[in-house]
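Database features, via TrEMBL:
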- GLY74, VAL77, ASN81, ASN339, LEU468, SER472: Na(+) binding site (BINDING)
- 723-740: compositional bias 'Low complexity' (COMPBIAS)
- 676-740: region 'Disordered' (REGION)
- 68-86: transmembrane segment (TRANSMEM)
- 98-119: transmembrane segment (TRANSMEM)
- 146-168: transmembrane segment (TRANSMEM)
- 228-246: transmembrane segment (TRANSMEM)
- 253-272: transmembrane segment (TRANSMEM)
- 300-321: transmembrane segment (TRANSMEM)
- 333-354: transmembrane segment (TRANSMEM)
- 456-482: transmembrane segment (TRANSMEM)
- 494-513: transmembrane segment (TRANSMEM)
- 525-546: transmembrane segment (TRANSMEM)
- 567-592: transmembrane segment (TRANSMEM)
- 612-637: transmembrane segment (TRANSMEM)
Amino acid sequence: MPKNSKVTQREQSLEHVTESVADLLAHEEPVDYKNSSLNVGGAGGKKVPQIEVPENDGRPAWNSKLQYILAQVGFSVGLGNVWRFPYLCQKNGGGAYLVPYFILLLIIGIPLFFLELAVGQKIRRGSIGVWNYVCPNLGGIGMSSLMVCGFVGLYYNVIIGWSIFYFFQSFQYPLPWSECPVRKNGTLTIVEPECDKSSATTYFWYRQTLNTTSTIAESGGLNIKMTLSLLVAWIIVCLAVIRGIASSGKVMYFSSLFPYVVLFCFLVRGLMLKGSVDGIAHMFTPKLEKMLEPQVWREAATQVFFALGLGFGGVIAFSSYNKIDNNCHFDAVLVSFINFLTSILATLVVFAVLGFKANLMNEKCVVENAEKILGYLNSNVLSHDLIPPHVNFSHLTTSDYAEMYSVIKTVKEDNFAQLGLDPCVLEDELNKAVQGTGLAFIAFTEAMTHFPASPFWSVMFFFMLINLGLGSMIGTMTGITTPVLDTYKVQKELFTVGCCIVAFLCGLLFVQRSGNYFVTMFDDYSAGLPLTVVVILENLSVAWVYGTKRFMQDLEDMLGFRPCKIYFYLWKYVSPLCLIVLISATIIEMAISPPGYNAWVEELAQERFQSYPPWALVMCFALIIVAMLPLPIVFIARRFNLISDGSNKLSVSYRKSMMKDISNLEEQDESRFILGAKPGEAPSSGASRKSYLTPAGNKPQLDPNSLSPISCYGTGYQNAAISPTTPSTPTTPVTPESDS
């Protein structure tokens, strides 16, 4: 080793270096620096032992890779795959919609999903700790993510409560929503008017389940049945997550796999039903002209975004329990494609069943209108000459009725509207797009009433919805509890139970009679825009603040191979641009669309759009503001040193990995990284403690583009992986990345 090297001469100022590192790791237990790798001035030329990150650092870990994959699949595959994706597919061009969806999955979904998996696995923290570590000034990202998780968890578990109610109602024959209830008026027995005007399943949903009011302003008091269902839902969630991944990991074996069993059973059963092929053919018949509409691409991007659970914090939290060398790139691709294929499977099931329902409705329409025509024939309103000779009213087919309808419409053109005949076209029934609760609790439920052994299929269907929702709720709750437990020393079980109790009490808003309208409000405003802002800031903080080249190098150190270079351009240019366009489109959509909700009007027995009252509008925008408020607050507070940068909250193993990385840099050319001098130049003999911090002996300046511990941590702090010891010889200095 050269005598004038910085490493040799550093023996003279060992005391100052020790004090400075102790300042950096203020809350670390005392370390014997003379025996540590920081004492690079030991025996000349002797290899110094490295400080290794302990494999068992006290952080829980997945029992197996399968358990982890099932947890990520259970979180990403949720209710939206069953009732949102099929609707978007039908609305936006059928099979043609799959093209923009798949393209955006490749250029937005997989790269950002990979990014979240990588930072969680590398830093081994929840969302708050991760973004405090990457860039403390943007530490509000984790807090905003936690806020959004809280809002979504409140109303998402209400949907699970609805599914629990239907699940228990399914254990009876006939199913309670198969027929309209009757009302006795003296000696007369009449069908409930509200049900008669709508349908049995619609009436059961709005009146017997929700007992909904006609406006959001009319509370109507608590719905006791829904309150009890919500309580059961929160008890299930609490038991699933009370011990962290030790309990939720075991639950995922069932809750992630069981929905696939049900979907395959429904697919086989659905394909055996009359009309199922018509539904599937209608679904996947591409309308290529739709691909040119910007709205289709916007909705595809939004669905990709939410389908993978980006920004919620659950992805990062689950990944933080992995081993440091886990191949998270493979995980990102695998889970993304499982999610995509699950959406297609669910779409096949939904439209096989809806095709069967559409055929039933079309046949019913033909029968009802044929009776009208017979009445007109018997009363001489229509001539028998208008009826084709081959038509047999006792065995009337849809094609016969279509021919007869066409003839009557042509001949009676002037007064045809007065006859009140319907065309009864199967395509019209298939085009009646439904989504969300309308699909799960009305359309699909109605179709199942016509299945043989309908209670069995109903039990299976709603048990599947419970498990789909439970998997997503476990990920959402993990996105809330993990960051808090990483940051503060609180008892896991007590904190989890407390969260569930508070969430249940807040959730009472959604189980009053007008609660369905608040579910719609939270779904529209609490997650969409705030979550998109969170993800674009995640992308920018890694790609532009920390630096894409540095991040790629970190991935190579962690994974053992360098990811494909296309990720460099996707993270740095393509994904941020797409997310900016998505945010702009979302804001424009919110501006031009009047804020409101579909209210159930009892007198009309149908939904009608109503605008939000002023207090509800304030509540809508308050949800957006509250979710995004941590972003500017944390930025301003840390910019002006009003709060700590969060480094004192780092785990013991984390701080030891920091020390190890500093040691590695010291062995290569520690003067380049720490002293800021040129290689080979000796420091002054009177180097003070401050000269360790900056060449001038002053406190470092706050550079917004810097990667120092005060603004955004640099490569030395980011690399938590174990790297091999390098010889203590002068090396080419590490130059700052130009693109950071």
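Note that Cβ sites are derived from N, Cα and C of the backbone, with glycine treated the same way.
The Na(+) site, placed at the center of the C-beta atoms of GLY74, VAL77, ASN81, ASN339, LEU468, SER472, has further neighbours from the same chain whose C-beta lies within 8 angstroms: VAL73, PHE75, SER76, GLY78, LEU79, GLY80, SER256, PRO259, THR342, GLY471. Taking pairs at least six residues apart, the transmembrane segment (228-246) and the transmembrane segment (456-482) share three or more Cβ pairs below 8 Å and count as touching.
With a cut-off of 8 Å on Cβ pairs spaced 6 or more residues apart, the transmembrane segment (333-354) and the transmembrane segment (300-321) reach 3 or more such pairs and are scored as touching.
Taking pairs at least six residues apart, the transmembrane segment (253-272) and the transmembrane segment (68-86) share three or more Cβ pairs below 8 Å and count as touching. Long-range contacts of the transmembrane segment (567-592) within the same chain: residues 104, 107-108, 111-112, 114-115, 294, 298, 301-302, 305, 528-529, 532-533, 535-536, 539-540, 542-544, 548-549, 551-552, 739, each at least 6 residues beyond the stretch ends and with a Cβ under 8 Å from a Cβ of the stretch.
Between the transmembrane segment (300-321) and the transmembrane segment (98-119) there are at least 3 Cβ pairs closer than 8 Å, counting only pairs 6 or more residues apart in sequence, which means the two stretches are in contact. Counting other C-beta atoms within 10 Å of each candidate's C-beta, the binding-site residues VAL77, LEU468 are led by LEU468. Scored by C-beta pairs under 8 angstroms, the transmembrane segment (456-482) has its highest count with 68-86, from the stretches 68-86, 494-513, 525-546.
Simply put, out of 68-86, 98-119, 146-168, 494-513, 612-637, 612-637 has the most Cβ pairs sitting under 8 Å from the transmembrane segment (525-546). Taking Cβ-Cβ distances under 8 Å and a sequence gap of 6 or more within the same chain, the neighbours of ASN81 (Na(+) binding site) are ALA307, ASN339, THR342, SER343, ALA346, LEU468. Residues 79, 127-128, 209, 225-226, 229-230, 232-234, 236-237, 311-314, 437, 440-441, 445, 458-459, 462-463, 465-466, 469-470, 472-473, 476-477, 479-480, 483-484, 503, 506-507, 509-511, 515, 518-519, 522-523, 526-527, 530-531, 534, 623, 626-627, 629-630 of the same chain lie 6+ residues outside the transmembrane segment (146-168) yet bring a C-beta within less than 8 angstroms of a C-beta in it. Neighbour counts were taken as the number of other C-beta atoms within 10 angstroms of each residue's C-beta; across the binding-site residues ASN339, SER472, the minimum falls on ASN339.
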